[in-house]
Amino acid sequence: MRDTLRESIRMKEFRISDPRTNDRIRVPEVRLVGPNGEQVGVVRIEVALRLAQEADLDLVEVAPNSKPPVVKIMDYGKFKYEAAQKAKEARRNQANTVLKEVRFRLKIEAHDYITKLKRAEGFLQSGDKVKAMILFRGREQSRPEQGVRLLRKFAEDVAEFGTVESNPTIDGRNMVMVIAPHKNKSEVKTEQNAQRAANKEAARSARSGGAPTADAPAEAEAAPAE
């Protein structure tokens, strides 16, 4: 009985987290986005539902807290499947990410530095994070700025393969900095294009003094090709 109750609660939580779709969207007006990302504008919910039905697709509420809520015409089944696959891939990548440690002294010889640098580059290329650690000795602890300079140089030298995730900080007698591998190029490009599109939409709304309406639909703007 208790297991059944827990399962029922989990199912309710799952349903609550799902976006509203089709006739579950019970508001008079919505801001409609077409199946290809084009901005249709503010329309009556009946119009949005009819357009989704005519396209043999679903109407999905993607921004319920907006005024009015933003909805998009899409294949909801395909959307859920792709979202689940992305979440699965993200969990797998997170599980596979290892924090590798590279230690060196404040007064390090050039050839030793190059060796540590190559090792860190190899870790980052393999998709692992790198924890760069400076081991202070004696009075070196009174000169933390030298450690910061060395770690920043290290970050610049591996910038082709990773980016600083946490800046240099004191950890006991040591100073540490974490460098994470770059995302793959497709993810970076997608994020950049999405940001450009959002910036253009915000600028256009600011110039017009408000968001586009159904009477004057906004033309969709494609992100510039890389």
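Here the Cβ of each residue, glycine as well, is placed from N, Cα and C on the backbone.
Among the features that TrEMBL reports, compositional bias 'Low complexity' is placed at 211-226. The domain 'Translation initiation factor 3 N-terminal' annotation in TrEMBL covers 21-90. Annotation comment: TrEMBL describes 98-182 as domain 'Translation initiation factor 3 C-terminal'. The annotation region 'Disordered' is assigned in TrEMBL to 183-226.
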Legend entry - Helix, strand and coil residues within the domain 'Translation initiation factor 3 C-terminal' (98-182) as assigned by DSSP: 35 helix, 32 strand, 18 coil
Inset, instruction - Express the predicted model's confidence over the domain 'Translation initiation factor 3 N-terminal' (21-90) as a mean pLDDT, rounded to an integer. - result: 92
